[in-house]
Amino acid sequence: MARPRPREYKAGDLVFAKMKGYPHWPARIDELPEGAVKPPANKYPIFFFGTHETAFLGPKDLFPYKEYKDKFGKSNKRKGFNEGLWEIENNPGVKFTGYQAIQQQSSSETEGEGGNTADASSEEEGDRVEEDGKGKRKNEKAGSKRKKSYTSKKSSKQSRKSPGDEDDKDCKEEENKSSSEGGDAGNDTRNTTSDLQKTSEGT
């Protein structure tokens, strides 16, 4: 199907916006707040439903929502996409500040959990990184995963190191005991066998 001719959009228009690497996403043409940086020529400020992210896109990457709802409005497994479809239908006036309020609430919850032990808090911190990473774009998510694995490995190494040293000493001592006992046990077996032979020869 041929692309539609680029057209003029105004603030508040509902569209599907296409960015490289992402499906056609439910979005809204935003108005520029006073004092904001002006977008490049022929670019519109876009607010993406579901993720509440913003970008500047040209008219060739924008598709009117009503005309393309049947084509692009199918549910998708990408995080935030289905929420975006719901928002564009039920709450098209949602503002970016709503997302910031959610972030502030989650950061205050994080501060309130400071009384946990070191191991428990590091595990929970790793979970938080993963949850936060799901809402981010693909390249940012990879960085979060690295952080998570790095912190969890670091904490597990520290927790293994102190008890592990004692365990290693205990294991070595037990090995020495068992090897010396094993030698005696082997001698005992030989003695027992020779004793049996002597006994059988004597009878």
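Here, residue 1 is simply the first one shown, and the rest follow in order.
Cβ atoms here come from the backbone N, Cα and C positions, even for glycine.
Now, the feature entries from Swiss-Prot:
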- 11-68: domain 'PWWP' (DOMAIN)
- 100-109: compositional bias 'Polar residues' (COMPBIAS)
- THR110: phosphothreonine (MOD_RES)
- SER121: phosphoserine (MOD_RES)
- 121-130: compositional bias 'Acidic residues' (COMPBIAS)
- SER122: phosphoserine (MOD_RES)
- 135-160: compositional bias 'Basic residues' (COMPBIAS)
- SER162: phosphoserine (MOD_RES)
- 169-178: compositional bias 'Basic and acidic residues' (COMPBIAS)
- 188-203: compositional bias 'Polar residues' (COMPBIAS)
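Mean model confidence for the domain 'PWWP' (11-68) is a pLDDT of 92. For the domain 'PWWP' (11-68), residue counts in helix, strand and coil come to 7 helix, 21 strand, 30 coil, using DSSP.
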